[in-house]
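Colleague: What Swiss-Prot shows for this protein is this:
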- 13, 14, 15, 16, 17, 18: FAD binding site (BINDING)
- 280-294: NAD(+) binding site (BINDING)
């Protein structure tokens with residue numbers, strides 16, 4: 001039967017990509033339907049109970065800056081928070097949180113159920129409705145047909161998924177859930193280029209059977225033994241969200257005996273016996289892969305991470321495996337503190353279908369089928385954070401298409417999301433893709449701390465950011481701007497500053513007049529110290545500093561919430577200290593952007609561009625990049641190729657046309 005109501009956007013899948021896609025489209029005013037095989041698993045953390053990390057935390061902050069759910073849900077469910085790389089530069093600092101699976105999932109479900117314009121329906125999707133070269137809806141396993149103008153497919157590991165434990169395997173989307181076999185077959189009928197990837201998960205341990213006295217303790221920030229100060233928050237709105245109880249993680253290690261046990265199972269490993277065809281993630285390898293690849297290393301760190309506050313289940317991060325269960329049992333018990341460990345769930349590998357993201361347009365719509373968008377692991381990525389960012393992006397662009405508006409694509413210098421999308425659609429994947437700060441050439445501009453400054457205004461323009469977030473953002477931005485201007489206007493004369501005061505705060509006496517902004521650029525000078533100069537005569541009463549503990553409660557000295565004070569000071573300091581480096585990066589961005597967004601003719605026959613090598617013509621014909629910038633990042637396309645292509649376009653297609661003139665004007 002046809003469902004009586006028609007929708008603007010249908011989202012298939014209720015994982016991290018699907019929930020963000022559905023929320024984004026609904027917030028933009030589109031009638032959105034989220035189809036999931038099980039409402040109880042909305043926002044399920046299928047593998048590790050953590051959010052964030054290097055590069056990944058940056059994506060979470062960007063999703064949050066545009067009104068997404070992941071960071072807020074993490075603040076509600078986070079049971080340990082840490083700032084990674086805290087002693088390094090701001091570009092590579094990242095937030096990571098352990099989350100209570102139940103609390104996290106509950107937060108996501110509440111947001112979904114309370115979002116206007118968003119409907120839920122529990123049924124697996126077996127087919128897509130396609131008319132001509134455009135998708136018009138989805139069909140569930142019992143034949144219910146839902147019509148929509150666009151469909152966002154976020155199938156995770158469910159497409160023809162197969163679980164492996166030793167030489168045994170069975171069809172599954174993840175442990176306990178069936179695979180999407182019919183939907184996978186349907187997508188293959190559409191002739192979309194596809195392949196197989198795999199990922200894995202470790203056995204889960206009953207914490208009551210672990211002797212933690214033999215393990216190292218790893219407290220979170222703000223906990224006894226951890227980095228002093230307040231417990232971090234993930235969301236820019238997180239100051240209003242109380243964290244649950246904070247708990248430590250623990251550390252044990254593999255040893256030579258562990259490695260011998262693992263090697264003894266190689267002959268029954270699906271990875272080494274050819275049972276698994278899919279390629280696994282390079283940066284999250286199985287324990288057997290680690291032992292094989294790093295044979296000279298005699299020990300590996302294993303993190304024992306609590307799954308939640310109401311369970312004893314422990315996630316041993318570092319021993320993801322598809323080895324036979326008897327090997328899993330022995331290797332777990334070979335580690336210190338784990339001698340009597342009881343396994344609650346076996347580890348496994350899962351292989352699944354993905355589709356080549358180079359077959360997507362820049363808005364994540366498939367080239368072959370109009371209105372069909374892909375997001376998450378179906379695009380060859382790995383990780384909750386990468387999935388959430390893609391889901392939001394696809395949901396935004398599906399909604400924009402319904403509204404007959406131009407697609408949105410952040411540039412590589414604007415967001416890690418821009419880096420992620422650009423990498424996928426130009427380079428494709430040969431293994432599961434995960435985000436790192438090293439993938440962003442302009443990472444000094446793409447920090448966690450300024451994600452709101454980069455993206456919240458755009459989120460508001462798109463209809464994603466509510467009034468509360470918008471007001472909070474404007475308040476922060478205005479305070480930062482006013483205080484920055486104040487520091488530039490305040491000058492200190494050496495005749496009016498005692499040498500002892502200058503030495504205390506600045507390290508040495510000053511010999512000429514400086515404004516406070518210039519002094520703040522010095523490496524060893526911080527804002528609080530600067531405000532304490534000469535008895536605090538330069539302090540701003542609106543921004544309390546000194547030795548007071550900036551906690552998450554409202555400061556008694558100011559109407560500003562203390563978490564806002566902290567973020568304002570952070571912005572002012574980073575902007576001052578890295579201004580020169582950021583200016584240099586901006587020059588690089590301008591230089592690179594001269595031709596970056598220059599549109600290439602959709603009907604250009606590259607095979608007829610005789611000046612190009614045959615390989616270049618083939619690659620450009622295959623990928624059909626939309627802009628010159630995208631063309632430059634295709635594998636095998638050299639700067640010389642781009643120059644020759646420009647000559648051809650100027651000579652034959654762009655003569656006396658707007659694209660050429662505007663590009664030359666920029667140059």
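Placed from the backbone N, Cα and C atoms, the Cβ positions cover glycine too.
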Colleague: Cβ neighbours within 10 Å, counted over all protein chains: which one of the binding-site residues 16, 282, 290 has the most?
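Modeller: Result for the most crowded candidate: 16.
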Colleague: Out of 286, 292, give me whichever of these binding-site residues has the highest number of other Cβ atoms within 10 Å.
Modeller: 286
Colleague: Determine which residues of this chain, when 13, 14, 15, 16, 17, 18 are set aside, have a Cβ within 8 Å of the centroid of the FAD site's Cβ atoms, and list them as they appear in the sequence.
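Modeller: Going along the sequence, the neighbours come out as 11, 19, 20, 21, 36, 43, 154, 156, 376, 387, 391.
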Colleague: Could you state the CA-to-CA distance between residue 18 (FAD binding site) and residue 292 (NAD(+) binding site) to the nearest Å?
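Modeller: It is 36 Å, counting Cα to Cα.
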Colleague: Counting other Cβ atoms within 10 Å of each Cβ, which of the binding-site residues 17, 284 scores lowest?
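Modeller: It is 284 that, of the binding-site residues 17, 284, has the fewest other Cβ atoms within 10 Å.
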Colleague: Around residue 13 (FAD binding site), how many other C-beta atoms are within 10 angstroms of its C-beta?
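Modeller: There are 31 such Cβ atoms around residue 13 (FAD binding site).
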Colleague: Is it possible to get the count of other C-beta atoms within 10 angstroms of the C-beta of residue 294 (NAD(+) binding site)?
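Modeller: A 10 Å sphere around the Cβ of residue 294 (NAD(+) binding site) contains 12 other Cβ atoms.
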Colleague: Specify the nearest of the binding-site residues 284, 286, 288, 292 to residue 14 (FAD binding site), where nearness means the distance between Cα atoms.
Modeller: 284
Colleague: Under 8 Å Cβ to Cβ from residue 288 (NAD(+) binding site), same chain, six or more residues apart: give me those in sequence order, or none if nothing qualifies.
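Modeller: In sequence order, 262, 265, 266, 269, 271, 272, 321, 322, 323 meet the Cβ cut-off.
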